[in-house]
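Chemist: Structure in structure tokens, see below.
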Amino acid sequence: MSKRDYYDVLGLKKGASPEEIKKAYRQKAKELHPDRNADNPDAETKFKEANEAYEVLKDNDKRAAYDRYGHAAFEGGMGGGGPRPGAGGFGAQGDFASAFSDVFDDLFGDFMGGGRGGRSRAARGSDLRYNLRVTLEEAYNGLGKTITVPTSVQCGSCKGSGSEGGAEPTTCPTCSGMGKVRATQGFFTVERTCPTCSGLGQIIKNPCTTCGGNGRVQKERALSVNIPPGVETGTRIRLAGEGEAGMRGGPPGDLYIFVEVTRHEIFERDGVNLQCRVPVSMTAAALGGDIEVPTIDGGRSRVKIPAGSQSGRQMRLRGKGMPALRGGGHGDMFIELAVETPVNLTQKQKDLLREFEAMSEDNNPESKSFFKSVKSFWDAMKG
Ligand SMILES: [Zn+2]
Ligand SMILES: [Zn+2]
């Protein structure tokens with residue numbers, strides 16, 4: 001399979017400026033980010049392709065080599081995009097190499113950034129993502145929940161060192177501890193991650209038999225989490241240090257809980273406010289009266305329907321909405337009346353309604369004014 005031209009991948013011309021390259025990459029990465037393309041498997045491939053192109057084009061030396069020799073300049077695994085130590089987990093965050101943190105720190109805050117980049121010897125564990133669905137009632141009250149997270153934890157046998165019997169790791173002989181090796185490509189010298197130590201700079205003579213030298217093992221972990229009242233779909237809760245364990249004693253990543261609030265049968269949410277459509281009978285709407293409506297806390301509220309209420313009339317119940325996530329009281333609940341036309345009439349009811357109709361005069365001002373407008377519209381058409 002032939003590789004696509006890096007400029008084409010980012011939609012650029014060959015002479016593009018560094019700013020144009022950065023801008024184009026940013027655009028592509030935003031568009032193709034796996035978090036936004038959960039059901040588009042193609043996006044991940046394209047995302048990686050864009051990353052790879054950017055890794056090369058943002059670097060003057062690599063770009064010059066590419067401009068001169070094309071993809072041949074990097075044959076042999078060069079050009080970024082390779083797997084990072086510590087990648088993996090179920091958050092898909094692992095593989096986007098360093099190009100990512102570069103441009104994304106400002107977009108995603110500390111979500112993608114923290115601790116990435118650089119060649120620390122003990123690699124930080126990956127961040128993990130956990131999707132949690134809650135009901136609207138749970139979002140109202142807040143809840144404590146125990147979740148099971150598949151993750152890797154520090155290996156107990158070697159205490160995370162990766163070394164059998166706890167012996168100290170030794171400096172990697174291939175890269176002398178740099179984590180990178182240099183190779184000459186044409187006129188240029190390019191660096192790549194050391195294949196012997198995967199960039200860690202150290203190797204282990206006798207790898208721990210339990211973890212194979214990684215210093216961590218796969219495990220399911222039960223975590224109890226507190227979901228505060230007021231969460232909504234899209235709320236992200238960060239549990240610092242509860243992500244994947246680091247490699248060889250490195251710091252752990254974070255766990256992010258992504259909340260999704262399911263639809264409710266009765267209430268529709270709009271930020272901190274709730275909407276509730278309440279059907280009322282034609283007679284109750286005409287005569288007025290009290291109705292009882294449900295509230296999200298499980299209680300009920302009496303609401304006075306003024307005589308002559310029309311369909312669509314809104315009423316507000318102050319403070320009966322959702323709690324604000326960061327404190328500051330509750331939103332309101334809005335009731336919308338839906339006047340229900342009676343069905344399944346008996347003969348007697350029909351007779352009574354006909355009698356009522358015959359007696360009606362100024363009972364339907366809206367219809368009256370509408371048909372008046374219609375009449376003048378027709379008259380105007382006739383000229
Ligand atoms: Zn171990
Ligand atoms: Zn090495």
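Each residue, glycine too, has its Cβ placed from N, Cα and C.
What TrEMBL shows for this protein is this:
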| type | residues | note |
| --- | --- | --- |
| BINDING | Cys155, Cys158, Cys208, Cys211 | Zn(2+) 1 binding site |
| BINDING | Cys172, Cys175, Cys194, Cys197 | Zn(2+) 2 binding site |
| DOMAIN | 5-70 | domain 'J' |
| DOMAIN | 142-220 | domain 'CR-type' |
| REGION | 27-47 | region 'Disordered' |
| REPEAT | 155-162 | repeat 'CXXCXGXG motif' |
| REPEAT | 172-179 | repeat 'CXXCXGXG motif' |
| REPEAT | 194-201 | repeat 'CXXCXGXG motif' |
| REPEAT | 208-215 | repeat 'CXXCXGXG motif' |
| ZN_FING | 142-220 | zinc finger |
Chemist: For the binding-site residues Cys155, Cys158, Cys172, Cys211, which residues place their CB under 6 A from an atom of ligand 2?
Modeler: Cys172
Chemist: Starting from the Cβ centroid of Cys155, Cys158, Cys208, Cys211, which together make up the recorded Zn(2+) 1 site, report each further residue of the same chain whose Cβ lies within 8 Å of that point, ordered by sequence.
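Modeler: Sorted by sequence, the hits are Gly156, Ser157, Lys159, Gly160, Ser161, Gly162, Ser163, Glu164, Pro207, Thr209, Thr210, Gly212, Gly213, Asn214, Gly215, Arg216, Val217.
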Chemist: What stretch, picked from 155-162, 194-201, 208-215, has the most CB pairs under 8 A with the repeat 'CXXCXGXG motif' (172-179)?
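Modeler: Top-ranked stretch among 155-162, 194-201, 208-215: 194-201.
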Chemist: Compute the centroid of the Cβ atoms of Cys172, Cys175, Cys194, Cys197, then list the same-chain residues not in that set whose Cβ lies within 8 Å of it, in sequence order, for the Zn(2+) 2 site.
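Modeler: What remains near the Cβ centre is Pro173, Thr174, Ser176, Gly177, Met178, Gly179, Lys180, Val181, Pro195, Thr196, Ser198, Gly199, Leu200, Gly201, Gln202, Ile203.
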Chemist: Can you name the far-off residues of the same chain, 6+ from the ends of the repeat 'CXXCXGXG motif' (208-215), with a Cβ under 8 Å from a Cβ of it?
Modeler: 152, 154-158, 160-164, 245-249
Chemist: With the cut-off set at 10 Å between Cβ atoms, which of these binding-site residues ends up with the most neighbours? Options: Cys158, Cys172.
Modeler: Cys158
Chemist: For Cys211 (Zn(2+) 1 binding site), what residues in its own chain, 6 or more apart in sequence, show a Cβ-Cβ distance under 8 Å?
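Modeler: Correct list: Cys155, Ser157, Cys158, Gly162, Val217.
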Chemist: Ligand 1 is in the model; which of the binding-site residues Cys172, Cys175, Cys194, Cys197 have a C-beta less than 6 angstroms from one of its atoms?
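Modeler: Not one meets the Cβ criterion.
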Chemist: Are there any residues in the same chain, six or more apart in sequence, whose C-beta is under 8 angstroms from the C-beta of Cys175 (Zn(2+) 2 binding site), and if so which?
Modeler: Val181, Cys194, Thr196, Cys197, Gly201
Chemist: Are there any residues in the same chain, six or more apart in sequence, whose C-beta is under 8 angstroms from the C-beta of Cys208 (Zn(2+) 1 binding site), and if so which?
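Modeler: Cys208 (Zn(2+) 1 binding site) has long-range Cβ partners Cys155, Ser157, Cys158, Ser161, Gly162, Ser163, Glu164, Gly215.
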